[in-house]
């Protein structure tokens, strides 16, 4: 089968002819329709320090996808041939304390599709049936293909009550932008998102952000004053992993504010803990998606009118995958979709 793989420990992704994956008793075989390129895939392409420590070579990569069930393991119930599915990319052990308590997103033995095991940049993918999620008919293939990062946005945004609250989002990557759209959809008052990438900030404006702030040109506290905010942000969503962005968030949070952190700093990050302590801030780390409450929320948000379509900015045939990676690496894109049909 046709696939995209990390073949060598150097920059790049390569088209290969890979063996069709074999299905176990509890697995589904999925024929891939569309995949999306994740920031993680760009890290793997660039072969940065994280990738060198994490990614086995050679391996088929990719983990954002939608496809059709074409094979069902003999122990599987609840799926049929032809079902349209996406899937949770974190494969969990089922045996640790968190898994047995239903907190599978906190499994300490997680393996990642396209990170630790064969991924979805291929004509066929095998995953445990437990990880598959049926896509409602009224949700497009494009949006189904980005359920994985959309889930990161939903999990982060819905960590705290947002109704009538003022929200600061640091980092206008696709996940941060989708989080802004979610916050507005569920009833936040002001949703302010910060970055230095004008292309992405304009996307955030299209997706409903109250203000999209280029912090290289504008002062965040001036923006707050323009909006009539006198006390600070109630909720912070840190999506960038940039220390300066987190410092700005701590400076502008209201007392008793709540912060959800999805962005991963490049190394250890020193902060002024007195701001956390004296403001009485709550900080919550976010990893992946809650299985499968986040997935149900994603489908429900889209079915209730949340419009994510502007976040998908580029489409390519899989044979033109290099153009897709070039678009993602340029920073001048939202989500990039590769078609496998």
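Keep in mind that glycine also has a Cβ here, set from the backbone N, Cα and C atoms.
What Swiss-Prot records for this protein:
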- 38, 63, 64: Zn(2+) 1 binding site (BINDING)
- 40: active site, charge relay system (ACT_SITE)
- 43: active site, charge relay system (ACT_SITE)
- 93, 96, 99, 107: Zn(2+) 2 binding site (BINDING)
- 175, 195, 200, 262, 263, 264, 286, 287: NAD(+) binding site (BINDING)
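Residues near residue 96 (Zn(2+) 2 binding site) in space but far in sequence (CB under 8 A, at least 6 apart, same chain), listed by position: 107, 108, 109. Annotation note: residue 99 (Zn(2+) 2 binding site) sits in a helical segment as assigned by DSSP. The two recorded residues, residue 93 (Zn(2+) 2 binding site) and residue 175 (NAD(+) binding site), have Cα atoms 27 Å apart. The Cβ centroid of 93, 96, 99, 107 marks the Zn(2+) 2 site; residues of that chain outside this set whose Cβ lies within 8 Å of it are 92, 94, 95, 97, 98, 100, 104, 108, 109, 110, given in sequence order. Classification of residue 64 (Zn(2+) 1 binding site) by DSSP places it within a strand. Other than the site residues 38, 63, 64, same-chain residues with C-beta atoms no more than 8 angstroms from the centre of those residues' C-beta atoms, the Zn(2+) 1 site, are 35, 36, 37, 40, 41, 62, 65, 89, 114, 119, 120, 148, 149. Binding-site extent for NAD(+): residues 175, 195, 200, 262, 263, 264, 286, 287, maximum pairwise Cα distance 23 Å (rounded to the nearest whole number).
For residue 200 (NAD(+) binding site), the same-chain residues lying six or more positions away in sequence with a CB closer than 8 A to its CB are 172, 173, 177, 331, 334.
All chains included, 25 other C-beta atoms sit within 10 angstroms of the C-beta of residue 63 (Zn(2+) 1 binding site). Around residue 43 (active site, charge relay system), the same-chain residues at least 6 positions away in sequence with a Cβ under 8 Å from its Cβ are 50, 51. Rounded to a whole number, the C-alpha distance linking residue 99 (Zn(2+) 2 binding site) with residue 175 (NAD(+) binding site) is 26 angstrom. Using a 10 angstroms CA-CA radius around residue 63 (Zn(2+) 1 binding site), the recorded positions that qualify from 40, 195, 262, 263, 264 are 40. The Cβ of residue 264 (NAD(+) binding site) lies under 8 Å from the Cβ of 241, each of which sits 6+ residues away along the same chain.
Neighbour counts of Cβ atoms within 10 Å were compared across the binding-site residues 64, 195; the minimum falls on 195.
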